[in-house]
Ligand SMILES: Nc1c(NC[C@H](O)[C@H](O)[C@H](O)CO)[nH]c(=O)[nH]c1=O
Ligand SMILES: CC(=O)[C@@H](O)COP(=O)(O)O
């Protein structure tokens, strides 16, 4: 198989967290010899839509991607909006994965505090961006094997 080509969709609601997640994801994909592009959306709720745009583009003869990495950070505030953003972005990504048969790694942090986000985004700590990239690569290989 040629080197997989992925699309990283990052939500830059918190720039410093996004930077850390992206650093981890880039390092993982570089290590694997994969190629990738990065697009940015305002928040986690827009990530599924961006993936959908890419799928439409591919169907219309545009660029094709072997897989996707979703990166973002949702930090609980005072209202129910956290639950909407966290749950619906994840649900939509899951729906795309199942319904469209795409390989995707979900690196959207859903946390209570910024400290929790800092620990989970840092490449040298929990490195959730790198983990999401590795998950996407694993699912690409599985899709290749199963003929998805
Ligand atoms: N509170 C967070 C958001 N909220 C914004 C939404 O994701 C969306 O952009 C808005 O509702 C307009 O559609 N997004 C995050 O990524 N992280 C948050 O903590
Ligand atoms: C997760 C969010 O949307 C959050 O930033 C919103 O904060 P709040 O619930 O205090 O409006």
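Glycine residues also receive a Cβ, built from the backbone N, Cα and C atoms like all the rest.
According to TrEMBL, the 5-amino-6-(D-ribitylamino)uracil binding site annotation covers 13, 44, 45, 46, 73, 74, 75, 106. Sequence-distant neighbours of residue 73 (5-amino-6-(D-ribitylamino)uracil binding site): residues of the same chain at least 6 apart with a C-beta under 8 Å from its C-beta are 11, 13, 14, 17, 18, 21, 44, 108, 109, 111, 117, 121. According to its DSSP assignment, residue 73 (5-amino-6-(D-ribitylamino)uracil binding site) is in a strand.
The DSSP secondary structure for residue 120 ((2S)-2-hydroxy-3-oxobutyl phosphate binding site) is helix. Cβ environment of residue 120 ((2S)-2-hydroxy-3-oxobutyl phosphate binding site): 109, 111, 126, 128 lie under 8 Å away, each six or more residues apart in the same chain. Among the features that TrEMBL reports, (2S)-2-hydroxy-3-oxobutyl phosphate binding site is placed at 78, 79, 120.
Marked as active site, proton donor by TrEMBL: 81. Around residue 81 (active site, proton donor), no same-chain residue at least 6 positions away in sequence has a Cβ under 8 Å from its Cβ.
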Checklist entry - Among 74, 75, all listed as binding-site residues, which has the most CB atoms within 10 Å of its CB? => result 74
Checklist outcome for this item: Candidates 13, 46, 74, 78, 79, 81 (recorded positions) with CB under 6 Å from ligand 2, in sequence order, are 74, 78, 79, 81
